Amino acid sequence: MARGCLCCLKYMMFLFNLIFWLCGCGLLGVGIWLSVSQGNFATFSPSFPSLSAANLVIVIGTVVMVTGFLGCLGAIKENKCLLLSFFIILLIILLTELILLILFFVYMDKVNENAKQDLKDGLLLYNSENNVGLKNAWNIIQAEMHCCGVTDYTDWYPVLGENTVPDRCCMENSQDCGHNSTSLVWKTGCYEKVKMWFDDNKHVLGTIGMCILIIQILGMAFSMTLFQQIHRTGKKYDA
């Protein structure tokens, strides 16, 4: 009976990690596609030029793919080394997430101020020929979220000139609508709009976070169960 349950657990873990691996492959593909596209998803931060959406998706996809592969191979081959590696990687990811979450809440005010200042510094690169992606990214977020600048529309004045904002800041977009006109532009800054979006979707994001946490804990539990069984028997059990 116990042997049958462990065999069932073995293949459940394999199937779960196979899906996990396929998701990682999908994320990696999306990240590569974004990196070779027109640069619409470039980084907003000049301090972290590599911190773009494409690079983040590539890194996450790679980690998910490698972790899923270790889980699949460790389960189907009943390999203690691979199962232990799978467990350690999940543990490191879990601890990293918890540490980053704690640090974020402890230093929230400082993080907000530094992020705002860094984004404002990034606005200075808006018209740079080597940063077309950043320009496209700002145009997209301002048009989609109905916002202008980082804290408000005046953030653009040092960049584009007095009383001048990008045309995508206009409530009704038209050619040169952002020149010498501030009455018909979005007044709310994009930083505040993004915070509002997170606040409006906190329940959904919280649910997703809890699902990820449960998946990680289950993966660790399954891998250790198989590891301990193989260690106790000193040999593989037949499927």
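Start at 1 and count along the chain as shown; that gives each residue its number.
For all residues, glycine too, the Cβ spot is worked out from N, Cα and C.
Per Swiss-Prot, topological domain 'Cytoplasmic' is recorded for 1-13, 77-85, 225-239. Per Swiss-Prot, the feature transmembrane segment maps to 14-34, 56-76, 86-106, 204-224. What Swiss-Prot records for 35-55, 107-203 is topological domain 'Extracellular'. Annotated N-linked glycosylation site per Swiss-Prot: Asn180, in sequence order, evidence recorded as sequence analysis.
When each of 14-34, 56-76, 86-106 is checked for Cβ pairs under 8 Å to the transmembrane segment (204-224), 86-106 comes out on top. Over all protein chains present, the Cβ of Asn180 (N-linked glycosylation site) has 9 other Cβ atoms lying within 10 Å. Remote same-chain partners of the topological domain 'Cytoplasmic' (77-85), defined as residues 6 or more beyond its termini with a Cβ less than 8 Å from a stretch Cβ, comprise 10, 70, 223-224, 226-227, 230-231, 236-237. Counting residue by residue with DSSP, the topological domain 'Extracellular' (107-203) contains 57 helix, 6 strand, 34 coil. Note: the topological domain 'Cytoplasmic' (77-85) comprises 7 helix, 0 strand, 2 coil (DSSP; helix = H, G, I, strand = E, B). Across the topological domain 'Cytoplasmic' (225-239), mean pLDDT in this model comes to 67.
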